[in-house]
Every structure is written in C-alpha cells, then in structure tokens.
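Structure record follows, encoded as structure tokens.
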Amino acid sequence: MRKLISEVFLLSIISSLIFYNINSFHISILGWLLLIVYFLITAPAVHFWLYKFFNFSEKAWRIKFLSGFLVLALLGWGGGVMVLFSKLTALNIALVFLVVGLLSVGLKYWAIFAKNQKISIEKPELQILEESPHPKVGVLLYLILAGFGFYLLWQSRTTEIILSPWQTISPNYFYVFLSATILLGFLIFTHLRAKTLLFLLVVHALLLHAYLPLTHSLIYGADQWRHMANERLVVSEQVIVDNSWSDSNLSWAQKLNFSEFSYVQSWSLAAIFDRLCGVDLLKFNQWFLPIVWSVVFTILLFELGRTWGWGKKESLFFAWLGFLPYTLQASGSFTLPVNFGFLLWLFFILLMFKRTMAPRFEQLAVLLFLGIFSIFGYLLFFVLFWLSLMVVEIFSTQSISKFSRRIVFLILMIISAAAIPILELLSNYSSINPSLNLLTQIKQLVGNWSGFYLASGPRPHDIVIGNIVFNQVPNYAFVANWFTEWRWWVVVFMGVMLVISFVGWYRCWRAKAVSEIWLGIMAFGLSVAYITSRYFLAGENILARRLDVVLAFLFISILMVALNQIGMSAEKDIGSWWQYWQNNIQKKISKFGPIILPVVIIVFSIAIAVSYSLGPDTRAVGINEYNAMNYVWQNEKKQTEYCVLADTYPLLVLETVSQKKIVGGGFPINQYFGQPERERFFKLITDNHDIDAVGLAMTATKTSNCWLVTDGDKLPANLATPLKSFGNIFVYKFIN
C-alpha cells in the first residue's frame, strides 16, 4: 500500500509539473524529461498486467514497447475526450496524464492481487537454410547497406513540387534497398537470436518508411495538411466540434460527426507533443507514425505469429512479409488517424487471441473497456473490434460441434461482408448507383486485383481502388527501374499469390484453431465488403475506402497460413514449412531442391522493392507555395470574407497556416470535398488565360478583393507584374 501511495504521489507531482511547464515554463527539455519519467512509471505498470492477464513475456523489451504504445493510445483517447467535449487546455492535459497514470497503476495492483495463470507457447526452433559460417558478418553488411540507404534518402532531400518521392530519390537507393531486403530475408533463417533479428526488422521498417520525411522538407499528400489545420486549433485551445443537431438536412451519422470522433485521438497527441515538448506540428506529422509504426507494427506481427502457434522463425518471416503490400508501406509513412487506429486495432486483436490461450474474466473486462473507449479512435476499427471480438468469443467455445461451426462460420462471413456497406448506406456515405454498369465494374475489379492495369500501363490517370499489393501508379508519377521496365511479371506474381491465398483461406475454412477461423471469416467478409462498396455503390465509401490496410494485413496472414499448410503431413504436424522442404521436397528433387527457398526469398524481395518503388503517387507542396500562402494569410488575417484562387494543395497549406480561417480559398465545398466553382474559375485563368474569371470569383464569394496564386508559367504573358513572387510562384491581388 505504501508503494501505491508513493506512485500516486509521484504521478500527481509529474502531472502538476506538466501543467506548469505548458502554462508557464515552456521548457522543451523539461517537457521531454517529464514525459520520459512518466512512461518509466506507467509503461512497466501496463507491462505487468499484460504479463499477468494476457501471458505476455515478463522480461522481453518488445513488450515494454507495446506497453508504452498502449499508454500513448490512452493519452490520445483522454485528450480526444477533452477535444470533443471541452478544450485541450494545460489543466486538461495534466488531468489526462494523471487519469491515465492512475488507471495504469491501478490495473497493475489489480493484477498483483489476481491469481497466477501462466502458460508456455515455446516451440523447438527449426532452420530453413544451412547456417552461414559467420552470420554476424551478414549483420554488419546489412547495417552498412541500411546506413547507406538512409544516407541516399537524406541526400535526395528537396523543397520543390514533386508528384512522387521517387522523382527525387537517387536511382541507386532502389538497388540498395533491394539488396538489404534480400540479405535480411536470408538472415532470418540463420542462428541469430530472435531479438537481434527483430531489431534488424525494425531498422528495415524505419528505412522503408523514412522515404517520405527524409526526402522533402514539407509533407506529401493532402490529408496531413487538413489534419494539421485542426491540430493548430487544438493547440490554440479553440473549440473545433460543431453542433449540427439542429440541421434537418443531415443524417444521424453526420449529426453525430463520427469523423471528429475518429480524428481527435491523433489531434490531441500532436497537440500534447507540441505543447509539452515543443515538437513542431510539421515535424510531428513527418516523423511520428514512421517511427511508431516501424517499432510497433513489426513487434505486433511477430507477437501475433507466436500467439497463433508459429515458431520464432516463422513469426520473424511474417514480420518480414509485412514489407510486401504497398498499402502497409504507405500506411506506415503517413501520420494519419486511420493508420494509428489500425495499429491500435491490431494490438487489440493480439489481446483477443492471447485470451483464447488461457481465458480469464480480467481479460474480458480489459477488452470491453478498450473496446468501448475505442469510439474515441477511428470509427472503422471500433466496428471491426466488436466484430472480431464476437467471432473470437463464439469460436473459443469448446462445445460447438463441427456442423454448427460451419454454419456459424457462414453466418459470420455474411455479417462481416454486409456490416460496412449497410452502415455506409444508413449514414448516407454510400448510395445505390442506378446507372451502374455491372460488366464495366467487374472488368475494373479484375484489372485492379490481377495487376493487369499496372502491367499494361501506367495509365494517364490515378487509380485509387485496389492498390493493396502494388500501387497502380499513373504515368505522371511513374519512375522506372530495371524491374519495372517490363511489368507483365506482376500479373503472374499476383496470380500465384491469389492461388496461394485461396489455399490459405481453404485451410481456414477447415480449421479448428480460432486464429485461422477468424482469418477466414474476416478475409472473405471484408474483401466482399470492400468490393461491394468500392465497385458497386456510389458515394464517399468513408469506411470501405479505409479497408485497404486491413485487407493487406489479412492478405499476408493468409499467405503465411498457406505456407504453414505446406508443413503439414497426413499423419502429424511436422511443425514447420521449411522442415517439410528439407525432409521431403529437397530429397525428391535433390538437384533443384536446395535453391527453391532462396529463390522464394529473392522473388518476394523483388516484389517488396518493386511495390515500394511504385508509390505513393501523391503531390508534395513546394516551399515556394508554402511561403506564398503564408504571405497571403499575413495580409488577409484581418478580413472576414476571403477569395483565394489557387490549386488544391496550396489552399490546404493556407487552411493550415490560417488555422482554418480560410478553407478552400473561401469557396463552397460539397459533401465529397469537391469545389467545382473554384476549379472552374481557376481553370479559366490558367488554361484559357481569362483574367475576367477573377471578377466572377469575387462575385461568387461576395468579396471586394481576390488573390491569385499559381505558377507563373500558367499565366498570360501580358499580365501585370505580380504583387509578390516566390521563385516561380506568383502572387496577385485583384481589387474590385
């Protein structure tokens, strides 16, 4: 009891110092020190109840990282509650830290007095390849390659407008990354310790995801600018949640505004790091998730593999296979709420399967608590949490017969396939498309998922559906390498992968293991849900469009199930697919057998590197555009009505620097975030050189002046000298 009182007292002191540092001191180093001490108290507390209740390793450092990640998520939830219902003031931040700290310590003492119930999941480890004479030389060589890769990325850094990071990355980097990936694949099957290999996998993940923050001084894409605008509002202690209940034109879901529920966790974390530690929001959005994802996602895949009964080598290979899908590569590179939400959901999935190994009521209580509070995270994963918990709990019941198991399997597949499209239809985020051409949509489906569009392209336009394993990059962002000059091999590769995936799914259909049953239900159901919404329903598809990352995870999981199926014999499970290769295939075809698995590693490595090189095809704002929009805001901040004609991306910068005072340049935005009116005026000026469109824009926005910001090459030659220029970006101000 004395120790509990001292821990509570220490948490109170830390929370008080956090308040004073945010409110008065503003010392970044003190903020970091307080944050570190706070995690040194709370993370071990969380680690203890994870060990006691969910049978995690008691001493492994990887579990300490997962414990810290959960504390981070709880802080985000607490901050999100404050953002939704109040403001994230210094006092509220301190209260969030105190409450999360008390919760962590309280659960630890609950675990201390709970009964012990430990199990072992250790398996004998088998090897796939002959041990190399000096595996440590391989580690040194890998670290040299990875270090050189980081150096090449840093040397490729730019401030210009680009449409893909590969337009600035050194061509040599692709081959360095490919070599490092191949070498790491081979190192997995040596006698190196699992913790060493897990560390190398984390380094490789960071190398993979660092290609965005290292290659541009600003950020790629549009969404992060939108979120940064809201994060600035949170930092400045403004209310950001609108009261929409009186608007009869909105659906119940739109009135409840689940989008803000989905985003507040990430917004509050950004604000906490800004206010407590002085981390600039731009730097936070560049680096936060690439770092967190590289560590947490790698550990989660390894832990899931171990929990599902796989050996250490299989689980390490599973983590390595996580580098393959483009969607997972991109998700770990963008600091977006959906990507953080996916990591948290995956952690909860791990807890669910830990529960199946040795069920106890404390586990269910913790899961229910986490599930309820996940409403303050990303909505999609709130839905998938409860769907997954239902599946796992039903099939954890030992009394269910084989016939009933199959019937329930089918019913739950139907529920998982229908849940998301139905939710979207009810909330008006999707609608029935009366002009749907069924044959055209089926052709598009086959072209997307088979890799045909990528192989026969690249297309002149962006394809946003079906970019799960390979991104279907448009020609304006395509940067070729030796493996993408001729791309028809992608169709063959995808065909083989889909066949293997079907083998894995069939294994899940016949399985008794809860993990494989869950994989079978979710893989089939969510694939059908994704296809239904994205190909056969109209509208924004706000939930289904975020399923890509889940489908990518399920895809590599099903692949691993299929590979493990190879390691099964008729009489007994020989434990490992690589042992099967050694004991059977290699003996029967001894001439070629020894090279089969190295070839598999090399083929997967090439696919990983090629998938990596095909995206993302997203624009990065140039520093001149940023400076131009900051100039516009400095001159317009005293106004109340605005008119700014510019491209979409610079306007997003303006939305950020103005803290959402100027959204969309002052023009109306429809429910699909489109601005047809602004786009029409802007194209009249840049394409037709019709400057009179500026007057039409002022009439539409009811303003007496209007700004025009664009590339000087797009303007008529006889236009007057700009008010201000930033490189090739010209700024004009027209007064009525």
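Glycine is no exception: its Cβ is also placed from the backbone N, Cα and C atoms.
A TrEMBL annotation is a machine prediction, not a hand-curated record.
Annotated in TrEMBL:
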{"type": "TRANSMEM", "residues": "7-23", "note": "transmembrane segment"}
{"type": "TRANSMEM", "residues": "63-85", "note": "transmembrane segment"}
{"type": "TRANSMEM", "residues": "91-113", "note": "transmembrane segment"}
{"type": "TRANSMEM", "residues": "173-190", "note": "transmembrane segment"}
{"type": "TRANSMEM", "residues": "197-219", "note": "transmembrane segment"}
{"type": "TRANSMEM", "residues": "287-305", "note": "transmembrane segment"}
{"type": "TRANSMEM", "residues": "326-353", "note": "transmembrane segment"}
{"type": "TRANSMEM", "residues": "407-426", "note": "transmembrane segment"}
{"type": "TRANSMEM", "residues": "486-505", "note": "transmembrane segment"}
{"type": "TRANSMEM", "residues": "517-537", "note": "transmembrane segment"}
{"type": "TRANSMEM", "residues": "549-571", "note": "transmembrane segment"}
{"type": "TRANSMEM", "residues": "592-614", "note": "transmembrane segment"}
Counting only residues 6+ away from its ends, which parts of the chain sit with a Cβ under 8 Å from the transmembrane segment (326-353)?
54, 66, 69-70, 73, 76, 205, 208-209, 211-213, 220-221, 223-224, 227, 262-263, 265-267, 269, 284-290, 292-294, 296-297, 300, 303-304, 307-308, 363, 366-367, 370-371, 374, 377-378, 380-381, 384-385, 388-389, 392, 467-471, 514-515, 518, 546, 548-553, 556, 611-612, 614-616
Would the transmembrane segment (592-614) count as touching the transmembrane segment (517-537), i.e. at least 3 C-beta pairs under 8 angstroms with sequence separation of 6+?
no
Going through 7-23, 91-113, 287-305, 407-426, 592-614 one by one, which has the most CB pairs that fall under 8 Å from the transmembrane segment (486-505)?
592-614
Under 8 Å, at least 3 Cβ pairs, sequence separation 6 or more: does that hold for the transmembrane segment (7-23) versus the transmembrane segment (287-305)?
no
Contact set, same chain, for the transmembrane segment (173-190): CB under 8 Å, 6 or more residues outside the stretch:
127-129, 131-132, 135, 138-139, 141-142, 145-146, 148-149, 152-153, 156, 197, 200-201, 204, 207-208, 313, 316-317, 320, 323, 481, 578, 598, 601-602, 604-606, 608-609, 612-613
The transmembrane segment (63-85) versus listed stretches 91-113, 287-305, 407-426, 592-614: most Cβ pairs under 8 Å:
91-113
